[in-house]
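These come from Swiss-Prot:
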- His193, Glu273: Fe cation binding site (BINDING)
Amino acid sequence: MKKAVILFNLGGPDSLNAVRPFLFNLFYDRRIINLPNPFRFLLAKFISAKRENTARKIYEEIGGKSPILENTKMQANALELKLNENRNHVHKVFICMRYWRPFADEVIESVKQFDPDEVILLPLYPQYSTTTTLSSIENWQKNAKRYGLKCNTKMIHRYYDNQDFIEAHTNLIAKYYKLARKIGKPRVLFSAHSLPLSIIKKGDPYASQVERSVELIVEKLAINNLDWSICYQSKIGPVKWLEPSTESELLRAKADGVPVVLSPISFVSEHSETLVELDIEYKAIIKDGYYFRVPTLSTDPLFIKCLADLCINLP
């Protein structure tokens with residue numbers, strides 16, 4: 001049997017000229033801004049124009065483009081190798097980005113050429129949110145219908161509590177905790193992408209799933225009297241978002257004089273929100289030598305095993 005696995009991710013601009021259209025695509029998503037047209041269109045135009053210069057400066061810090069596609073390609077290659085250890089099926093992994101290339105329509109054409117017996121949709125978002133997982137799945141389904149991809153399709157919605165996912169995080173955090181312990185008693189900050197409270201109040205389970213991921217990791221770490229906190233980053237605009245912010249928790253740690261081990265709990269690949277926000281902007285808050293940023297899971301063998309098992313064990 002031939003199986004196509006579609007890895008969903010956010011996407012990112014591949015040049016500075018792509019920054020504004022990328023931002024427009026992001027804010028035009030009705031799962032991000034729930035307004036009817038033409039209001040959503042006009043607001044997306046306004047926000048993308050207003051934020052372009054700020055965003056361009058962020059991408060200039062990391063070579064003028066987002067590394068998310070290259071990082072996702074490494075994950076896709078590792079996953080395809082792992083899946084094809086099972087010789088009963090032939091797996092091919094495709095990457096589909098939500099707000100920049102490769103878009104769903106391009107990917108669907110490639111999938112049609114592969115002609116699979118089954119399609120598996122696998123978002124690179126461990127914790128489910130309507131703004132990420134659901135948005136990607138809905139967009140895929142709409143384009144699959146439009147471009148005539150008729151195939152048995154299965155979906156993976158979440159894996160925030162998967163044993164291998166938890167263990168992969170635990171191992172990385174333990175390594176950096178040990179380094180930080182040489183300075184003092186560390187505080188572990190689990191930083192997740194924030195969401196507006198209005199979305200959470202509508203029943204989005206994202207925050208509760210982030211909390212459960214962290215609970216399981218803390219339990220697995222089994223460190224006596226572990227000092228830890230969940231915090232949220234990447235807030236924009238004046239509305240109320242999930243709190244506390246990562247910045248405020250770093251300022252608290254600075255005031256307390258403790259080393260910080262920061263784990264990007266909701267991110268599985270490196271991009272602007274880790275490489276700039278965490279590694280440059282937030283790092284500057286903490287005293288030199290007191291900041292230990294845990295890398296994203298990327299191609300960690302346990303994480304790749306987690307993804308492969310999710311695909312293989314689908315009913």
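Yeah, the Cβs are placed from backbone N, Cα and C, and that goes for glycine too.
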Please classify the secondary structure at Glu273 (Fe cation binding site) using three-state DSSP.
helix
For His193 (Fe cation binding site), name the DSSP secondary structure in the helix/strand/coil scheme.
strand
Long-range Cβ environment of His193 (Fe cation binding site), under 8 Å and at least 6 residues apart
Tyr232, Gln233, Ser234, Ser266, Phe267, Glu273
